[in-house]
Amino acid sequence: MVERAMFGGAVITACMGLATNVYQLLVFRIIQGALTGTVPASIALVSTTTPRERLGFSLGLMQTAVFSGSSIGPLLGGAVADFFGYRCSFYVTGSLLFIAGLIVLFLVEERFQPLSAGEIPERNFWKNLWIIFSSRQLLAMIFVLFCVQFAGMIVYPIFPLFVQSLTKSTSRIASITGAMLAITGIASAFSSATIGRVSDKVGYRNILLLSTLGAGMFYLPQAFVGSISQLFLLRIALGFFSGGILPTANAIIGLSVSEEHRGKVYGITASASALGNATGPIAGGIIASSLNLRAVFIFTTAILTMAGIWIIMTVKEPKIAKKKG
């Protein structure tokens with residue numbers, strides 16, 4: 001599953017650099033969405049091969065790698081786009097995905113055990129859905145993941161325009177935007193690296209709540225900044241809180257189901273995240289065109305605040321965390 005996502009993503013992303021019109025690019029993007037999903041696939045692999053008591057730490061370490069890549073990626077992409085053109089960015093991305101696929105193919109070991117004949121009939125879509133809908137905890141976490149991804153992606157389509165509105169230089173907008181996203185990713189990576197151990201002491205639910213509300217709190221002042229330096233500092237603070245959301249959310253989900261169901265559940269919850277990723281930019285574009293660029297940050301704060309209230313009302317601390325406390 002991980003290899004399919006890596007190699008499929010490598011081919012399709014490279015093909016995007018060859019697109020000659022927006023319709024071809026749209027088709028490639030749709031195919032990319034169907035073939036890829038490297039992070040959810042990797043999370044499922046890690047969660048099914050990690051002891052239950054080490055799940056929080058392992059997912060935190062995993063998210064650190066994700067945020068580290070997210071921090072370097074925009075910086076590299078912005079520089080490549082500025083110096084070699086936008087098409088070259090797709091070729092570089094495809095090459096990196098291909099290399100990652102080779103690493104998984106030759107260095108990652110999975111102790112996979114095929115299902116017996118009696119277990120195979122249980123692998124159907126409706127029974128997988130029932131695992132979700134029969135658990136209030138999982139339903140609550142699906143909504144949290146949707147809100148978090150939706151809120152994060154709202155800003156993406158307008159962020160380069162917002163950066164441009166704060167700077168007089170227009171020749172290196174891609175690099176400046178990449179640097180802004182990179183510093184957020186670095187702060188998130190640092191946060192994720194320590195979140196597993198902290199969660200064991202203070203509770204996954206508490207960390208999730210603090211991270212969600214904290215991220216919302218630092219989106220709000222971005223709507224009122226007057227310079228790049230102010231935005232830079234706020235993005236660092238945002239990264240520290242954002243880095244705690246996904247590791248703890250995935251840990252809560254993993255600890256709320258039995259080991260044999262984790263892969264299925266992570267697959268379904270990844271769909272909720274993907275829905276947030278898909279609808280967030282659309283909402284951001286509508287808000288920006290109807291109101292203004294700064295209103296997008298205010299709306300994002302409102303979404304994350306609502307998610308925090310939802311966590312207080314519906315999400316419970318995983319049982320294993322209670323025992324450790």
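Backbone N, Cα and C define each Cβ position, glycine as well.
Heads up, TrEMBL stuff is auto-annotated, nobody curated it.
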Stated TrEMBL location of transmembrane segment, expressed as one of 31-50, 171-190: 171-190
Selected stretch (most C-beta pairs under 8 A with the transmembrane segment (202-220)) from 59-84, 90-108, 171-190, 232-253, 295-315: 232-253
Stretch in 90-108, 232-253, 265-289, 295-315 most in contact with the transmembrane segment (59-84), if contact is a CB pair under 8 A: 232-253
Interface check, the transmembrane segment (265-289) with the transmembrane segment (171-190), three or more C-beta pairs under 8 A: no
Whole-number mean of pLDDT values that fall within the domain 'Major facilitator superfamily (MFS) profile' (1-319): 84
